[in-house]
Amino acid sequence: MAFYSCCWVLLALTWHTSAYGPDQRAQKKGDIILGGLFPIHFGVAAKDQDLKSRPESVECIRYNFRGFRWLQAMIFAIEEINSSPALLPNLTLGYRIFDTCNTVSKALEATLSFVAQNKIDSLNLDEFCNCSEHIPSTIAVVGATGSGVSTAVANLLGLFYIPQVSYASSSRLLSNKNQFKSFLRTIPNDEHQATAMADIIEYFRWNWVGTIAADDDYGRPGIEKFREEAEERDICIDFSELISQYSDEEEIQHVVEVIQNSTAKVIVVFSSGPDLEPLIKEIVRRNITGKIWLASEAWASSSLIAMPQYFHVVGGTIGFALKAGQIPGFREFLKKVHPRKSVHNGFAKEFWEETFNCHLQEGAKGPLPVDTFLRGHEESGDRFSNSSTAFRPLCTGDENISSVETPYIDYTHLRISYNVYLAVYSIAHALQDIYTCLPGRGLFTNGSCADIKKVEAWQVLKHLRHLNFTNNMGEQVTFDECGDLVGNYSIINWHLSPEDGSIVFKEVGYYNVYAKKGERLFINEEKILWSGFSREVPFSNCSRDCLAGTRKGIIEGEPTCCFECVECPDGEYSDETDASACNKCPDDFWSNENHTSCIAKEIEFLSWTEPFGIALTLFAVLGIFLTAFVLGVFIKFRNTPIVKATNRELSYLLLFSLLCCFSSSLFFIGEPQDWTCRLRQPAFGISFVLCISCILVKTNRVLLVFEAKIPTSFHRKWWGLNLQFLLVFLCTFMQIVICVIWLYTAPPSSYRNQELEDEIIFITCHEGSLMALGFLIGYTCLLAAICFFFAFKSRKLPENFNEAKFITFSMLIFFIVWISFIPAYASTYGKFVSAVEVIAILAASFGLLACIFFNKIYIILFKPSRNTIEEVRCSTAAHAFKVAARATLRRSNVSRKRSSSLGGSTGSTPSSSISSKSNSEDPFPQPERQKQQQPLALTQQEQQQQPLTLPQQQRSQQQPRCKQKVIFGSGTVTFSLSFDEPQKNAMAHRNSTHQNSLEAQKSSDTLTRHEPLLPLQCGETDLDLTVQETGLQGPVGGDQRPEVEDPEELSPALVVSSSQSFVISGGGSTVTENVVNS
């Protein structure tokens, strides 16, 4: 009695608890029973349970043709195994398959049925009854589909270690073996799928997406893993929403508004088709287009979403699909289904009715109930499922499945169906291992084997964990330690078929889980059709891409993906799009105009090839040529008076120094090297000091001689050539010492200056010591200042005495140039520093060359008549007479004042300003050299009393004159000189006698004081000039003239053979001087 009571309790638990009727299952007896859980319907009808009566099981609605095909795949695999002699011979597999209706509650009802039929040791029911012979055990379960459903089922089956092999549940939570002890699956883990989604977004350079997930154990873990992967790739999520097929309208409206207001174009969805369908319907109703949907494998090929009327919203969807498999003979098996023939499949009747939209009457042989009315059914908006009640015609039973397009018959890509097929074969191979196990080699204690006829579920689970077999496609099948079967994904794109207008899934790439990171994803972009039938990759970024040359700048308060593009600063670059930072260019490089790369900095110096450098070089060469030309002219005409009058040896040295000055400017042109930097400043400084020293010595020599009170041979000897060269050497040696100290202590060197301008490297000379450079230039300016002082002081001396006036001008030019050089040098940089110094050198050099030598070259080449000894004598005598005239006038003024003080008449005082004018007549023949000077000075009365002889008259008529007119304000002094050939006769002896008598007299006339200097400028004759003053009070006397010692350096004396007349008029008095030489 107890035995029967126990059996009835278990049967009640099995049948009444599950509340499944005969037409809500597919079952077949066998030696070993396999359980199956499939979503034959998408959901259940909402029904209020007020508990006023016994609660009934909820009704399943919205038929799932794919779910029925998956069920058919399990039946096909079992029948194929039963008919195979190689696998489980002499054993028959049976099945019990239930509809989960895609809900946890229905799945648990079916699971309780599986559990109740097993021997439950934990309940200790064996003491009361043994029903195992009457109710066969379910040793494994295939299913379920959704991860949420499988999670609930796994929790229950895991309590009894009943193996569960899922074909579509990919949640990564199910890999936890501590919680789900008996769960295995033939589908990859969602962890790889989430990574693949992030890789696709990174591939298309999207960084601004939205996420939607099903509010279950599939959607939440999947989207969480995606967030982790997105964060690693700097992908920002604009919004994240949870949905469910049971969400109320308000929740759906909220999610739709979020999508509509979002700027993200790409939406990642981890959900199943039934959970996503209400949201898609509302989006279609609002006509929200332009979004790119990234679908997980749970809905990537869902018939609920992939409907033509939704294509304008979901067209272009990129989704993941499991790798398609091949099931030989499965196509024909699907076509054989018929409600009257498929006696073991209780779902065939409803399938037939939903396929042909008709109503089947129960036949005599069929198990179908007899209904006297036409059934209505809720359908899901299409011909197979709608929300309205419609009356259906009777089915004839002769309908052809091939004539109707349904997802059931779409076997082109067998993905989930193949996973079901593989799950059944996995269990079969585990049973085969038990069947073929040899004692001692088993997996159990002491190598024992399980008895195939009394096999238990936990034993099958043990063998499934160690399963390893080759499937019909030649692939190795094995479960890892987490019970997962690692596999690859196909990437599909939703297209609209041009033939029938249905949505087709085009394979556009794949994702290889086994490949290395970065090589897992392959996409053929040419095959992708985006939303709106566009071939262009859509833009889904919070900010536009920052092009090369810019970097991403953070916007405060915004996600990291929302940024502004900031141009790279000068000296930095970015050569990639969306660079997070700019790279700094190397030291000798600078960023280009677009900051996309680094280019070598421009090297800048005063080059030989640039126009400015060429111009300066030409001027320097011109200066060298002109200086060489002047030197050549001076050498060629070295014996002419004008060359001799300029102290030709010093002139040669001066011209050589000018050549050095012009040449030194060339060291400042070209790329600076260490040796040129060390050479150019000393070369410039020494050359200019040598030049100025020559001018200084020449000018000072003349000044000292003219200022001497009693010029004697001491002055001539002191200012000899040797001493002059010695002074030039000493002045130059000081500059050499400065340069040597400079080069020894802090030598200049070439320097690459990158601080002045960012884009240019200025190759300049680092002077080493600015103090040394200051000493060099300061010493040069000091000598120039002294030279200018002496030249200015001697500016009124005779022109032929080194042209002091022109030297003054040259020194003025020199100072103007170098004073202008200082601010210009200080305010310029780079190559212009060298250019300024070159210009200063050339300007100063040209000034010295032009002022000192060009006038002489002009006279030598174009006015040879002035390049005579007579012209030199005239100039010298003119200066002497001007000095004498001043002295005479001063004495006249003194006598007048003295007479006025004694009561005499007074006259006006002449002005102190004096001007002179000289006129030279025909050139004189050059006199022969005289060894003895024979001047003669006669008084005015003697000149009038002594008659002239005929030769003297002729000579007086022919001899040339040099006239001078001196103006003293209100007074005028006019004098004239004439020169004649010296005669070695009695007349010369008589003149000598008169000269001796005149030398005995004491005279203070200034003319006599300058007389010894006359030979310094005269070429080859001696000069004898005596002026006797009459009509003036006071004694008349003169100093004795020293002898000429050096005939080459000192010119011979002149013989004055005509009268010298001075007319001095001042106020009411006139002073006349006549000097007659014959």
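Just so it is clear, glycine is given a Cβ too, placed from its N, Cα and C backbone atoms.
Remember, it's a predicted structure, so these values are computed and weren't measured experimentally.
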Residue carrying N-linked glycosylation site as stated in Swiss-Prot, selected out of ASN82, ASN261: ASN261
Residue from GLU277, GLU282, GLU297, GLU332 that Swiss-Prot also lists as binding L-tryptophan with SER147, ALA168, SER170: GLU297
Candidate in CYS60, CYS129, CYS131 joined to CYS101 through a disulfide, as Swiss-Prot lists it: CYS60
Among SER147, THR888, SER892, SER899, which are recorded positions, the residue with the most C-beta atoms within 10 angstroms of its C-beta: SER147
Distal contacts, the topological domain 'Extracellular' (829-832) - CB-CB under 8 A, six or more residues away: 604-607, 753, 756-757, 760, 762, 764
Distant-in-sequence neighbours of the topological domain 'Extracellular' (669-674), which means Cβ under 8 A and at least six residues beyond its ends: 603, 605-608, 613, 616-617, 620, 749-751, 763-765, 834, 838
Rounded Cα separation (Å) that holds between ALA168 (L-tryptophan binding site) and THR888 (phosphothreonine): 139
Surrounding CB atoms that lie within 10 Å of the CB of SER170 (L-tryptophan binding site), all protein chains: 29
Other CB atoms, at most 10 A from the CB of GLU297 (L-tryptophan binding site): 25
L-tryptophan site, defined by SER147, ALA168, SER170, GLU297: further same-chain residues with Cβ within 8 Å of the Cβ centre: THR145, GLY146, SER166, SER169, SER171, ILE187, ASP190, TYR218, SER296, ALA298
Taking residues SER147, ALA168, SER170, GLU297, which bind L-tryptophan in the record, the widest Cα spacing (Å, whole number): 12
Cα separation, GLU297 (L-tryptophan binding site) to THR888 (phosphothreonine) (Å, whole number): 131
